[in-house]
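Enquirer: Take a look at the following structure, please.
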Amino acid sequence: MPQITDQNNIKTKPIILLDRDGVINYDSDAYIKSVDEWQPLPGSIKAIAALSKAGFRVFVVTNQSGIARGYYDEAELLAMHQKMMALVEAEGGTIEGIEYCPHGPDDGCSCRKPLPGMIESIESKINADFTQTQAIMVGDSKRDLEAGHARGCHPALVLTGKGRDSQYKEFNFYFDVYADLAAFALATLHKFA
Ligand SMILES: [Mg+2]
Ligand SMILES: [Zn+2]
């Protein structure tokens, strides 16, 4: 991706948007329904903390249709997110915000990825326009990358979670591929150091 530098020739750090399941934590076809089932992928917590400590703003953007399907409620989801945040904070980093879509595929909402509603709400919360301000959307599913691409974010696929199945799907845009979030973080830290 193009390198943007400011007047002091310091590379402007892109905003990092992360899908959750299959990127930060293990995914399951049976959904992640409880705090106990929420288990981080190897290296993912340190990767988020490293990005955050280096000055990248990190957000999570996650479809949680398990709520609409009645598999867990918003209180349980909140508890999962508190666990995730606490783990990142224990490594010295922070997740600045978490957007989730609690709806099902037939609810007609505008937040469920591949629609970009959750990304748009981050833009409005931090007063940014990702077609102008550099942002990267990291996901393991085609719809993550599509949502990011729809708002001008640079798409990055990780091969954890559903990533290996997603990588050869038909895309009409270019995306980067990384083995996992740790590999993404390492490359991104070097790129924008
Ligand atoms: Mg995912
Ligand atoms: Zn929604």
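The first residue you see is number 1, and the count goes up from there.
Cβ from N, Cα, C; glycine included.
Heads up, here are the entries from TrEMBL:
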ACT_SITE  ASP19  active site, nucleophile
ACT_SITE  ASP21  active site, proton donor
BINDING   ASP19, ASP21, ASP140  Mg(2+) binding site
BINDING   CYS101, HIS103, CYS109, CYS111  Zn(2+) binding site
SITE      THR62  site 'Stabilizes the phosphoryl group'
SITE      ARG112  site 'Contributes to substrate recognition'
SITE      LYS113  site 'Stabilizes the phosphoryl group'
Enquirer: Beyond ASP19, ASP21, ASP140, what residues of that chain have CB atoms within 8 A of the centre of the Mg(2+) site's CB atoms?
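Expert: Near the Mg(2+) site, beyond ASP19, ASP21, ASP140, sit ARG20, GLY22, VAL23, ILE24, ASP27, THR62, GLY139, SER141, ASP144, VAL158, THR160, GLY161, LYS162.
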Enquirer: For the recorded positions HIS103, ARG112, work out the Cβ neighbour count at 10 Å and name the residue with the minimum.
Expert: HIS103
Enquirer: Out of ASP19, ARG112, LYS113, which recorded positions have CB atoms lying under 6 Å from ligand 2?
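Expert: By the Cβ criterion, which requires under 6 Å to ligand 2, the hits are ARG112.
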Enquirer: Give the sequence-ordered set of same-chain residues, not counting CYS101, HIS103, CYS109, CYS111, with Cβ within 8 Å of the centre of the Cβ atoms defining the Zn(2+) site.
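Expert: Once CYS101, HIS103, CYS109, CYS111 are set aside, the remaining close residues are ASN63, PRO102, ASP107, SER110, ARG112, LEU115, GLY117, MET118.
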Enquirer: Around ASP19 (active site, nucleophile), which residues of its chain at least 6 apart sit with Cβ under 8 Å of its Cβ?
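Expert: Set apart from ASP19 (active site, nucleophile) by at least 6 residues yet with Cβ under 8 Å, we have VAL60, VAL61, THR62, LYS113, MET137, VAL138, GLY139, ASP140, SER141, ASP144.
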Enquirer: If you count other CB atoms within 10 A of each CB, which of ASP21, ASP140 wins among these recorded positions?
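Expert: Counting Cβ neighbours within 10 Å, the top one is ASP140.
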Enquirer: Under 6 Å from ligand 1 by C-beta, which of these recorded positions make it: ASP19, ASP21, HIS103, CYS111, ARG112, ASP140? Sequence order, please.
Expert: ASP19, ASP21, ASP140
Enquirer: Which is it, of THR62, CYS101, CYS109, CYS111, LYS113: the one of these recorded positions whose Cβ has the most other Cβ atoms within 10 Å?
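Expert: Compared across THR62, CYS101, CYS109, CYS111, LYS113, the most Cβ atoms within 10 Å surround LYS113.
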